[in-house]
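Before any comments, here is the structure.
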Amino acid sequence: MSGRETKGKDKRRKEEEDVGEEEAEEHDKYSRFFYKPHFLLALSTGTVGLFHAAFYTRETEFKVNLKRGLLGVCCAFLLYCSLPSPVPRSVFRRPHPLFWRLIAGASILYLMVLTFILFQTVHDARTLVTYVDPCRNGLHTCSQATMIGKDQGVSMPLPERSYADDCRVMTGGPSCKWWADRSKGEEPCFANLQASDAIQDEFVVAHVLGWWGKALIIRHAGAAWINSIVFEFVEMSFEHWMPNFAECWWDHIILDVMTCNLLGIILGHLFMHWLSVKQYRWMHISEIPTPEGKFLRVLGQFSPESWDTYHWDALESPKRLLVVILTYACILLCDFNAFALKFILWIPPRNPLNTYRLVLWWLLGMCAVREFYEYSTNRQVKRLGHHAWLGGMILITETMIWVKFGIAVNEFSKPFPFSVVISWSIALFLFVVWFVYHFHLVPNRLKLKKTC
């Protein structure tokens with residue numbers, strides 16, 4: 001991105017942030033607090049109130065829950081509107097600012113739906129999800145296994161699907177073939193690997209596309225790679241709750257980390273490199289003489305006007321490292337919520353609702369991470385943008401849904417295995433030791449050497 005465009009964006013952000021500060025300066029020191037934006041305080045207060053209203057009000061009658069759900073939706077909407085400048089200005093301009101305003105509007109609508117579901121019982125929530133199933137509304141032609149619930153529309157539990165029934169690698173004899181044609185009676189050397197659902201599963205393509213999208217969000221190959229590895233540890237830690245997290249070691253390491261995830265990150269990194277070196281000639285369509293040129297110009301409208309890579313510099317300071325860790329944690333929680341929500345609400349993996357959520361989160365995530373990145377690296381940006389706060393509100397509400405319903409049906413009651421607790425405790429202890437050593441002991445030692 002050119003310096004002029006960067007300064008222009010910084011100037012627009014600065015003007016928006018100065019509005020609240022100018023209004024606050026007009027009041028004395030005793031009332032100035034009430035005229036400054038307090039995003040974190042508002043989000044914390046709203047979360048505590050929503051948590052209390054949803055978790056500590058026991059009511060099984062649908063009419064009462066319906067009224068409370070509508071009241072909760074109104075409170076959540078008013079909480080969002082209490083932020084300064086309710087209509088957010090997106091950090092992106094292509095293909096059109098209207099597109100990103102629609103994404104913000106769709107995200108707000110999604111937040112309202114989640115808030116309403118949070119106030120229902122788990123049975124009513126599973127039934128309500130069938131009403132918005134695209135397969136039942138004629139938007140998609142789906143098989144019976146893809147639809148939510150039975151023919152009558154009543155939701156039903158999903159069949160448990162495990163990928164760790166037989167984790168042997170070498171199964172064939174001396175005359176086996178690496179990739180056998182079983183129709184011809186050939187014996188495969190890697191029968192489990194060749195017949196594995198992990199190889200023939202539809203999520204192989206989803207893994208590649210998903211990490212391609214995350215590479216565009218994070219815009220740093222190393223950071224995306226670390227996030228990919230950590231999520232595999234998250235899967236192993238929660239496989240006692242969700243059977244589809246149970247995978248063989250070669251599935252975690254070879255198929256996921258070393259193949260699908262790595263391929264998606266590499267493709268995303270190459271795509272980002274192509275965008276960063278591409279020359280953009282933004283001529284008006286009327287100035288292009290040929291029809292082919294006009295058509296290519298229209299297609300070019302859907303590519304970014306400019307492209308920036310992110311330099312997180314996690315080891316620059318303790319604050320910067322904690323900001324990067326918080327970003328990683330939010331991305332991991334978003335991925336985990338996808339599995340937890342479809343597990344607790346009985347949504348089949350191939351149902352289009354899962355795809356809609358992922359696409360919406362991808363578009364919202366690009367804006368939210370960009371705002372979070374500018375807040376953590378640009379000193380002229382003094383507070384987070386609307387998309388970042390909106391993403392945080394959605395993450396919190398999604399998490400409260402599967403926690404509340406999981407407690408209600410006693411689904412997530414199994415304690416964590418001892419090995420998982422010990423592993424994460426050791427990892428946390430080593431991180432704390434390294435954190436103190438790197439950011440406190442080493443700088444103090446350097447200061448002593450300079451004084452001596």
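Here the Cβ of each residue, glycine as well, is placed from N, Cα and C on the backbone.
Curation plays no part in TrEMBL annotations; they are all automatic predictions.
Keep in mind it's a predicted model, so treat the numbers as computed, not measured.
Per TrEMBL, the feature compositional bias 'Basic and acidic residues' maps to 1-16. Per TrEMBL, the feature region 'Disordered' maps to 1-23. Look at TrEMBL and you will find 39-57, 69-87, 99-119, 216-234, 254-275, 321-347, 359-376, 388-409, 421-440 tagged as transmembrane segment.
The transmembrane segment (216-234) makes no contact with the transmembrane segment (388-409), as judged by fewer than three Cβ pairs under 8 Å among residues 6 or more apart in sequence. Same-chain residues lying 6 or more positions outside the transmembrane segment (39-57) and placing a CB less than 8 Å from one of its CB atoms are 68, 72, 75-76, 79, 82-83, 115, 118-119, 383-384, 389, 392-393, 396-397, 400, 404. Beyond its flanks by at least six residues, the transmembrane segment (321-347) meets 122, 125-126, 129, 148-149, 155-158, 214, 217-218, 223, 226-227, 230-231, 234, 238, 242, 244-245, 312, 314-315, 353-354, 357-358, 361, 365, 369, 372, 376, 391-392, 395, 398-399, 401-402, 405-406, 409, 411, 435, 439 of its own chain at Cβ-Cβ distances under 8 Å. Count of Cβ pairs under 8 Å against the transmembrane segment (99-119): among 359-376, 388-409, 421-440, the largest is for 388-409.
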